[in-house]
Structures are given as structure tokens and as C-alpha cells.
């Protein structure tokens, strides 16, 4: 009977960790896998001493370096989920062991409460890896202080704390606070002031002679509001609770500790209660909108354009950037003027092209429009500006390489390829690009780069980054056979319900080699013709199909039958005509 009690206690200590580990991995991998995609695509970790050295130029840079290394492993989402949950379990374990070292008692509620709060914050896709790593390392160091209580070791810690600050930056303040409380509890009035004097001297000397950073930066870095997902009201109370835990550990609430359910003490069951509460809290945190967008972005980067279109057709989205990527996929597959109105669009054209902004996602994605229509230099500029503003990412670097190869600027392309070769998971991609260096014929015959090189404008003109529509006009004037630019222009005219402008471009469609008028354009032409808006231009090859005219007559008949009630007309026409230009004109 007595031998079973230690086994039961041991099981109660292990079981919550196992439950959190398995359920946490399952949740992060299956429901919030987009977190790993977003963060992995946001940085380019390089296995070089120079890259490490860049992160050693100010306090906290080493912690950021470790966080970026972990983030690059998110290339495999399952591995990312395992790493995150292991870190959270490590934090809980260290808090428990620290409490036991200080008081001789095992603690359940507060350690798991901290772990639950940190897991909750981790479900925000902007919450970066170095946050949990910073907390984990400080707790590990503090645990060593409580276990090894030799006076000599504590003196070494006091003297070397500036090194800890240098490695972990603002996150070392967690250790500083914990260690200060520990020394106060021990009534060690000698080490405490020396600790602050050593730290203060290093801070002053570093600011003046080593790091050349502002006081604010040295105090805060690497902590930023953005890198915790804007969750300041959750993050800071959690950190403050960790700081005061040594004080809470000294409080023994005998009445609460004595509460039991049969042979099980209530406090031993609190981790399970907290995990259940966590499940309830994180289920609403599953962001389907972000999941949809990042899945589309992933397919787009993989150049699986048909899958992008199918996915958006199956799961329509009103997200502007999702529609922007979808329209790029339609253009790359030659279906922009055929299937344009099958998907949500905005009259201002923001689903077609992005105006120049320094905002992260706009700056990162906007250049793909210019790359698609052959404005290679402008695509390069967008990618370069993003690199300057936000640093290198895998896709930004690949865009720089592609545009430099198309421009035959092989020295710059070689430089960028050498950077990509220093990554962990993009070396094969770099090797493929390397084969194209100094080989014009290989680029011309490349199934993707060759097409974009052929689209380069024949004449130079001043690019207006905040006026993509004018840039389209310049390209069409320079090269009327550029079908990508032509289809984007037609899509814009359809959004503006400019039938005359579309009809005027029909001769250029013939010149560009179209054998058949694209479906949505044909719907415009039929409306223009049958409603007798104006004169039709003479066309030698292109003709309007009889079926399209019959469909318009059917549409118009149903509309007239319900014209007294617009909502009723919309419902009557939605099933058969929702993806047509006619439906857009009448109901948008």
C-alpha cells in the first residue's frame, strides 16, 4: 500500500507533461501550422561566422541568433511544434525544480499556469521563438543558483552577469530580478550592490565605447511589441509573475494543500485543469483567415498556380492579398480574363496590383505583379527595398537572383546565390540558379525565366511606383504583344465597367495572337454589341460565340422579370451567372 503512493505521485508529476506535450504538438501542427510557414519565410538563417558576428554587435543579438536558428527549423512544421512544446515543458519543469530547491516542496499550479499562458501567446503567428528561449535560459541559470549554493559560485555569477546581459539583452533582466530577490531573501547585502554596480558599469562602458546604440535600444533589445504579437497585456504579467514566484514559493497554504479528492490532493490535479482551460482558450484562436492566406501564399511560392486557383474557388476569401495572389496565379496560367469574376474583386484595383508602400506584406508581395508583366527592374527594386527594410528572406533573395539573371547582371546574381548557398534548406535551389550563371542561352530557354526575359519592355520609360495603371499603359504602348500586361489592363477596365475601353483594345488582342476572345471579355463585348452602346471595330480573326450571346439574352430576360426587386433578381441569377461580367455590372 505504501509503495504505491510514491508511484502515484510520480505518475501525477509526469502525466501533465505528457498530456501537454502530445496535445500541444497536435494543436500547433494541425491547426496553426501557418505559424511555422510565416516565421520560416520571414528570415534567412545563414551558417556562417559572419552571420553570427552580425548578431554579436549589441546585447541580446545572440538570443536573436538562437531564435532565428530555431525558426529556420520550422521548415519542417512538425519539428517546429515539437521544439516549441519542449521549451514550454522545460520552462514548467525548471519552475517546479526551482520551487522544490528553494522550499523542499513540489509546486503544480503556478509553473503550469505560466506554461499555459506562454502557450496561449504562442498561438499568435507573430510571437517569435526568442521570447520563450530567453525565458528558458534565464530560468535555467537561476535554477543553477538555487542548486549550487556555494558562495564562490554566487560570486562568479555576480561578476559575470554583464556577460549574461550581453548574450540575452533585455531578457537578462528576468534573471537580474530573480537573483536580486534571492539575495534579498538570503540577506546577502554585499553581492546585491556589487551585482548592480558591475552591470551598470558594463552598460555605461558598452554604450559609450562598444555598441553605439541608444540607451532605449540597449535596455529593450531584443524585446519589441511586434515580436510578441502585440500581446503586451499578457506577456508582461506572465514575466512579472515569474519574477515574484520565489516569494510565492515561500507561502504555504496548508488548508488548500490539504484539500483532496479521495487519495489525490487537489493541487496535484490543477495541471490537468489548466490544460483543459488552455484547450478551451486556444480553440477560438485558430485563425481560419490566416490559415487560408498562408496556405495560398505557400502554394504561390511553390508556383503551384492551378492549385492556388482551385483552393480559392473551393474556399473563397475576401482577403485582398489572397485575391492579389490568386489573380497573379490566374495571369500566370492564362486565365485572368476567363475566370476573373469567379473570385471576389475590389473596384479600386487593389486585388490586381499594390501601390508602393513600406508596409511589410505589401512591399514583400507587390513586386510579383511587376515580375509577372515583365517589368523586371521594378520587381527587383521592390525586392531590394524589402531586403533593406526588413532583411533577407528566402523568397526575397530568390526574386533578387531571378531578376538579376534576367538582366544578365551575373556578378550580382552570383553574389546573391552565394548567400542562398549558405542557408540550410535552400542550397538545392541555389545550385539550380548557379547553373544559369553566365549562360544567356540557358536563361533564354528556361521554362520560367526565359518567358519573363522575353517580356522585358522594348523601350525605356519612367516607372511610377504609385501608379501601376499608368505603367501598364506604357508597357502596352511599348509592346502590344505582352499578354500579361494586356490582360491586367483588361481586368482593370472590367472593374471600372469601361466597355468602350475594352472594345477599343480588341484589335490589340488580335495582334497579340489571341485565337479566341477570353470569356469575361467576350461577355463585355456581347453587352456592348447587343445593347448597342457603340460601333464595333473590324476584326479579322476574333469572333463572338453564339452561345455567349444566347447566355446574355437569358441573363437579361431573368433580370427584366425581376427588375422591380434587385435582391430577388440577384438570387435568381446567382447560380448560373455569378462569375460573369454581367453579374458584376448589375450587382457590384
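Positions of Cβ are set from backbone N, Cα and C atoms, glycine also.
Automatic prediction, not curation, is the source of TrEMBL annotations.
Check TrEMBL against the ranges 47-66, 127-146 and you find transmembrane segment recorded for 127-146. Using a Cβ-Cβ cut-off under 8 Å and counting only residues 6 or more beyond its ends in the same chain, the transmembrane segment (190-211) has close neighbours at 57-59, 154-155, 158-159, 161-162, 165-166, 176, 179-180, 183-184, 218. Residues 95, 98-99, 102-103, 105, 107, 110, 113-114, 117-118, 120-121, 131, 135, 139, 174, 177-178, 181-182, 185, 225 of the same chain lie 6 or more positions beyond the ends of the transmembrane segment (232-251) yet place their CB under 8 Å from a CB of it. Long-range Cβ contacts of the transmembrane segment (127-146) within its own chain (Cβ-Cβ under 8 Å, at least 6 residues beyond either end) map to 39, 63-64, 66-68, 70-71, 83-84, 87-88, 90-91, 94-95, 97-98, 101-102, 118, 121, 153-154, 157, 164, 168-169, 171-172, 174-175, 178-179, 182, 222, 227-229, 231, 235, 239, 242.
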